[in-house]
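Asks: One structure is given below, represented as structure tokens, and several questions about it will come after.
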Amino acid sequence: MCNNECDASTPELAHPPELMFDFEGRHPSTFWQSATWKEYPKPLQVNITLSWSKTIELTDNIVITFESGRPDQMILEKSLDYGRTWQPYQYYATDCLDAFHMDPKSVKDLSQHTILEIICTEEYSTGYMTNSKIIHFEIKDRFAFFAGPRLRNMASLYGQLDTTKKLKDFFTITDLRIRLLRPATGEIFVDEQHLARYFYAISDIKVYGRCKCNLHATVCVFDNNKLSCECEHNTTGPDCGKCKKNYQGRPWSPGSYLPIPKGTANTCIPSISSIGKCFCNPFGSIHDRCNGTGFCECKTGTTGRKCDECLPGNFWHFGCHPNVCDNEFLHCQNGGTCQNNMKCQCPAGYTGILCEKLRCEEAGSCSSDSGHGARAKSSLILLMALLGMTGPCLF
């Protein structure tokens, strides 16, 4: 490759960005080329941004092929919000400690527990050495931590992707950015007499992925210069991320890979009522109207389709109320028995919410036995803490 044959003003000699994405056949490679490093020592920095206007799930390695030697310093970045914010995916350098103050690592140094770690690698920054054109971002090697070295245990991988949002998000992008920070020099020092030989040139960028449709579509179409899911299971939205109108009979949920091989569709079902009323329980619900998911809006401690059931730790009595007593934490004291979580039935001689008080205290006729008083006081403090009560209390 001769850099003196690059002339952006002449179509035959131009190397525009689109040549990074054209078909590479048997003919000599076509490539994009940057300007040369003629303003050294000012850094020669170039950003290459790939945008899909759609959420994409990566399925294989990202592969970048350089025609000018792999850069001495580079950062691969991702966005999950259409380019508004960016996070590093991986750092590349001939000297990670010098360039990014990071110890060099490779994917082989990671594990299931550290798979999300952002690393700096020196494996792909070897300048002009033979067969040194390609840089990888290793997706399959990360899959292998769960699916095995030959990716035969996909059920394990899918199970992790189903249940670990951070892992799923790691392999999900809307945009990709290649930040070229220092071109390949092939030597320790830059030859200031021949700055024209320092530049970037990329012949090919391959990104393997599929549209994120939350497993509610089998087809993603390119229409009006935009990718979109053909949503199924009564879902809608760019990523099939919500239920259609009148199909909000239960909260939207993504499809699941499990059980292998068919998975679970988690189809949106018809709403309980198309006119907005859910016949909510008047004691357990905030009002009688369905919310955006087609469900009643329940008061604190209440659950169920119609807000007519209590969450654990609560009892029903014209609505849900925190347990006064139970068999786990709020035990009735001194031989008392808990009745329907509503009150303690105290034996003769004791009173109080948890039967923690001697009845004679109310009449002022107790002896000076300090042991009973201390036990009663500690029980009362425990009750107040469990019920979340603060300030002065009167019994």
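Any Cβ shown, glycine's included, is placed from N, Cα and C.
Feature table excerpt (TrEMBL):
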- 1-210: domain 'Laminin N-terminal' (DOMAIN)
- 278-322: domain 'Laminin EGF-like' (DOMAIN)
- CYS278-CYS290: disulfide bond (DISULFID)
- CYS298-CYS307: disulfide bond (DISULFID)
- 321-356: domain 'EGF-like' (DOMAIN)
- CYS346-CYS355: disulfide bond (DISULFID)
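How buried are these features, and what lies next to them?
Replies: Reduced to three states, the DSSP call for CYS278 (disulfide bond) is coil.
Under DSSP, CYS298 (disulfide bond) is assigned to a strand (E or B) in the three-state scheme.
Assigned with DSSP, the residues of the domain 'EGF-like' (321-356) fall into helix, strand and coil as follows: 0 helix, 10 strand, 26 coil.
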Asks: Tell me the coarse DSSP state (helix, strand, coil) of CYS290 (disulfide bond).
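Replies: Assignment for CYS290 (disulfide bond) reads strand.
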Asks: Report the member of CYS346, CYS355 (the disulfide-bonded residues) whose C-beta atom has the most other C-beta atoms within 10 angstroms.
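Replies: Answer returned by the neighbour count: CYS355.
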Asks: Averaging the per-residue pLDDT over the domain 'Laminin N-terminal' (1-210), what integer do you get?
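Replies: Overall, the domain 'Laminin N-terminal' (1-210) comes to a mean pLDDT of 89.
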Asks: Could you give the Cα-Cα distance between CYS298 (disulfide bond) and CYS290 (disulfide bond), in whole Å?
Replies: 10
